[in-house]
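Chemist: What Swiss-Prot shows for this protein is this:
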COMPBIAS  14-24  compositional bias 'Basic residues'
COMPBIAS  30-40  compositional bias 'Basic and acidic residues'
DOMAIN    47-122  domain 'RRM'
REGION    1-42  region 'Disordered'
REGION    170-191  region 'Disordered'
């Protein structure tokens, strides 16, 4: 009995082996690395939707309340002549809105007025101003630039001095060699004209 009591119990106080406590680090596979390194390409945003037939007193909040049930909206605008544009974040939401507008029983309506929803890339509505994002801005900027473009003075074109000299002295260097009746003037007549001009200025002074 004494031998059993004197026997040390080493198993109770010895710590567990490192191999049991920690698992060796396993390097990731090459396939997993390739998947992580590949850039995540986001799908391009779908084209905007054109909403036609809006009432005159329709607001942006009313238009948003009708179309946000089909998906998340990134941009919404109301243009003139009862036309608006709605841009969804996904193509599925835009297709659902178009399908909802084509339902014969319900459709999409504001103030009991049914709306027509089509893609902005539809050739039937491409000529409408402000259909796509930025198209209206480019047109208005081009129109305003044409209307507000300053008129360049004639001096920059080199015409003011010529016009003034032609009005004051019709028989100047520009019309040299041509007489008043359409014939060719001789050097003697041109010298007489110059002498007359000089005498006239001397009399004025």
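Note that the numbers count up from 1, one per residue, in the order the chain is shown.
Placement of Cβ uses the backbone N, Cα and C atoms for every residue, glycine included.
Just so it is clear, the model here is predicted, and its values are computed rather than measured.
Help me picture these features in the structure, burial and contacts included.
Modeler: Residue counts of the domain 'RRM' (47-122) by helix, strand and coil are 22 helix, 24 strand, 30 coil (DSSP-based).
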Chemist: What average pLDDT is reported by the model for the domain 'RRM' (47-122)?
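Modeler: Averaged over the domain 'RRM' (47-122), the predicted model reaches a pLDDT of 91.
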